[in-house]
Amino acid sequence: MTILNHTLGFPRVGLRRELKKAQESYWAGNSTREELLAVGRELRARHWDQQKQAGIDLLPVGDFAWYDHVLTTSLLLGNVPARHQNKDGSVDIDTLFRIGRGRAPTGEPAAAAEMTKWFNTNYHYMVPEFVKGQQFKLTWTQLLEEVDEALALGHNVKPVLLGPVTWLWLGKVKGEQFDRLSLLNDILPVYQQVLAELAKRGIEWVQIDEPALVLELPQAWLDAYKPAYDALQGQVKLLLTTYFEGVTPNLDTITALPVQGLHVDLVHGKDDVVELHKRLPSDWLLSAGLINGRNVWRADLTEKYAQIKDIVGKRDLWVASSCSLLHSPIDLSVETRLDAEVKSWFAFALQKCHELALLRDVLNSGDTAALAEWSAPIQARRHSTRVHNPAVEKRLAAITAQDSQRANVYEVRAEAQRARFKLPAWPTTTIGSFPQTTEIRTLRLDFKKGNLDANNYRTGIAEHIRQAIVEQERLGLDVLVHGEAERNDMVEYFGEHLDGFVFTQNGWVQSYGSRCVKPPIVIGDVSRPAPITVEWAKYAQSLTDKPVKGMLTGPVTILCWSFPREDVSRETIAKQIALALRDEVADLEAAGIGIIQIDEPALREGLPLRRSDWDAYLQWGVEAFRINAAVAKDDTQIHTHMCYCEFNDIMDSIAALDADVITIETSRSDMELLESFEEFDYPNEIGPGVYDIHSPNVPSVEWIEALLKKAAKRIPAERLWVNPDCGLKTRGWPETRAALANMVQAAQNLRRG
């Protein structure tokens, strides 16, 4: 029984973000569709070849996406919302972009589809929309075309397809309500057709992703798997693929399915591989997800070998990444600024492929000598002074309940804040960032490269902050921001100023569409050597009589949007960050900043996938936020911002944050998120986002007024704020000015009654 290896997917964007650049050039009208498609072909060919050269046996095909793989699946099935359809009923790449962005080089603009987090990762998918009586047919043949490409290049191909039950689970019903699971029988013929086409091409194995099987699904959804897979059996071998958690709780459902193999995540799941081996049908292949696809740490291959060796030779076995390598940067070898010690601790996507090749070879040969050599840096790291800071550990151990309590309750604080700020009804503000123009990016890049000295850099940043204040005063906003010209990324910026983090040059991962992020890496205990945001906040406040918000990224979000350590708990990391940022709140307050926003957009996404594990996470997540904020005085107003969230199942925890004002993303969901706050009788102030910043479309005054009136039916008007959904970093100034002018006008109209 020869053991093979494979990956579940590979990063799409390219080492230098070639896909992002090609997408944005096409959207701006600076390149043709043919040029965009050519970049995709080139990236796919390069990535297949890189994996093959690194020693991967079975190459994933179908993991590439022009915007998002869930959206690709929606198009495959002919699931195109009416507002995004071409007049002739055809589907093309611009259809896909209209669903994702609200507009494309061709076709009429329309509201983009809702976007939300992919399970508990920092990747986003476009939510499929379902309407009653919907029809499905094979419409978008990207998967088949890419399989043909890979076969023509001589590769050993394993197509990747998002499974039918998970795809339905990820979607939402629009309009008249019905059970979306009732659509399952309508989409299965399309899946049958796709599998038949793959069989015609000589494909042996298809990776069919059903990550919903790691969730605590309702029984009706679990029951749907058997008839669905009965309908799909027989044409090719199916590798039922799960990730992000273990499968043991749903194993009875899984083992009843007519598939030929199962992939399990042995990094994030608690499954015992020997127990799995005993319970799986003896003729099934087991794909062991041993290499973490979601982090950057070198694997302890000695430990991985020990985890799997007892079933070697007892069943067909593949070794694999735990999940798609989409969530990992591409190549560590191009990182020239990391020192040798730290660099030796990491493995990016290509290095993970090498790990899989090494593990496969050792499992096949039985010669384990190479494993100890590979794992040696991991042993050295355990004793490194770069990792452990006794002062941080001592401060963390000394935290008391009092450290997470504001001095007084919200009602007392609100009175003090009203007296201090004297804001009008329907106060207007933005979420923090303003457009990151070419001039701003060039300024930062020149400074980073040493082409600009510190004085000239600071003069340039100060001028952009001044312009942001002028723009906001001209627009008539009530609470201002400094615009964050000095910040490349809301997490990276803080990580750069905190001890315990390191950074990469090219460690890009896709967040959504063309948006890429370069997460910091937490390598050790976290502390704040000096104030981070105080100087620029103080300068911005000196330019205006209106309040300017201090802007911090919260501890849970910094944790969730970084690559965390694996040698301590996430709770420990979050509380270390909270203590560092607590000092920042105190310093902002001392500098005269009266409104401080602590963004926690990632609070919900950090939830464990199983509800039974939620309480413990929410307890320490809320405590971390409160440790961060509780140092503030009564008349200092603490804001928090959350996006892409569904709140109704965590409202107790949202209220427990005890922020004075919460701003949330609601425009894409047509204010439906406010139902949670209404039903809970949320006591503090709320700013429901009134327009979608992910789309370049400018909302009308009437549209914004209508949303605010809808909000006021759920939340008392005296507790409502008026703001966009999210930061404006990715937008241009023309649409930003137009949208904010309409937003301010809508608020003024409502004040007049």
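In case you wondered, yes, glycine gets a Cβ from its N, Cα and C as well.
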For the L-methionine site that Swiss-Prot lists with ILE431, GLY432, SER433, GLU484, give the additional residue from the candidates ASP310, ASP599, ASP613, ASP615.
ASP599
Need one residue: from GLU176, GLU463, GLU471, GLU605, the one Swiss-Prot lists with ARG17, GLU18, LEU19, LYS20, LYS117, ARG515, CYS516, TRP561 for 5-methyltetrahydropteroyltri-L-glutamate.
GLU605
Cβ neighbours of ASP599 (L-homocysteine binding site) where a neighbour is any other Cβ within 10 Å:
25
C-beta crowding around CYS726 (Zn(2+) binding site), within 10 angstroms:
27
When a 10 Å sphere is centred on the Cβ of HIS641 (Zn(2+) binding site), how many other Cβ atoms does it contain?
27
Please identify, among the binding-site residues LYS117, SER433, GLU484, the one with the smallest Cα-Cα distance to CYS643 (Zn(2+) binding site).
LYS117
If you run the three-state DSSP split on ILE431 (L-homocysteine binding site), which class comes out?
coil
Candidate binding-site residues SER433, GLU484, GLU605, pick with smallest Cα gap to HIS694 (active site, proton donor):
SER433
If you draw a 10 Å sphere around the Cβ of LYS117 (5-methyltetrahydropteroyltri-L-glutamate binding site), how many other Cβ atoms fall inside it, taking every protein chain shown into account?
23
Could you give the Cα-Cα distance between GLU665 (Zn(2+) binding site) and ASP599 (L-homocysteine binding site), in whole Å?
12
